[in-house]
Amino acid sequence: FPGLADVSIPQDIPVEGEITVPVGSHSPEEDYSTLDEPVKDTIMRDLKAVGKKFVHVMYPKKSSALLRDWDLWGPLVLCVSLALMLQGGSADSKDDGGPQFAEVFVIIWFGAVVITLNSKLLGGTISFFQSLCVLGYCVMPLTVAMLVCRLVLLAGAGTVSFIIRLIVVGAMFGWSTLASTAFLADSQPPNRKALVVYPIFLFYFVISWMILTFTPQ
């Protein structure tokens, strides 16, 4: 800029303002890296985090504080356990139960992904993987219902057995739906909650129907 060559700045003009960069105090937690911790501590920390999420499903609260550190280990274990219990094929049977396992596995994960995408498209504030984590962990009551039904079926498959299984599956279905909607429905705008709750209702209803109609071969 040739026009600024003749501009002179007086030396007695005081400079105002702060030019120092504030430096915050570093806590030991900020300098701590999980790469330096023993493998045992890492495994125990992850197991405690998974256990807290299971407890949170048992006592659902309208808060996503425990799900900020999401994981898919719990949903994977629940999905595999439920799929294994729904196989129903005996060792000496011609049907080895493989298609049933694949069917249950695909239904649970594909349904959870579809509901998660629906929640995000409707303006949900929970992230994609947090929503997937919620839906997966909330399968736990239905997994317990499947275990109870297997035990009841050991005593027979009569009318009394069906009534007991109907009560157990119905109660666990309501529990799973309530626990999941406590997170996902409240993360939506007030005028769109029904659009989120309805697919969740269908998702757990399909799983509940598969559990209720299960009969071992």
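Using the three backbone atoms N, Cα and C, a Cβ is placed for every residue, glycine included.
Bear in mind that TrEMBL entries carry predicted annotations, made automatically and left uncurated.
What TrEMBL lists as domain 'Yip1' is 59-210. TrEMBL lists 70-89, 101-122, 134-156, 162-184, 196-215 with the feature transmembrane segment.
Sequence-remote contacts of a segment are chain residues at least 6 beyond its ends whose Cβ falls under 8 Å from one of its Cβ atoms, and for the transmembrane segment (134-156) they are 53-54, 56-58, 67, 72, 74-76, 78-79, 81-82, 85-86, 108, 111-112, 115-116, 126, 164-165, 168-169, 171-173, 175-176, 179-180, 183-184, 200, 203-204, 207-208, 211-212, 214-216. If you average pLDDT over the domain 'Yip1' (59-210) in this model, you get 80.
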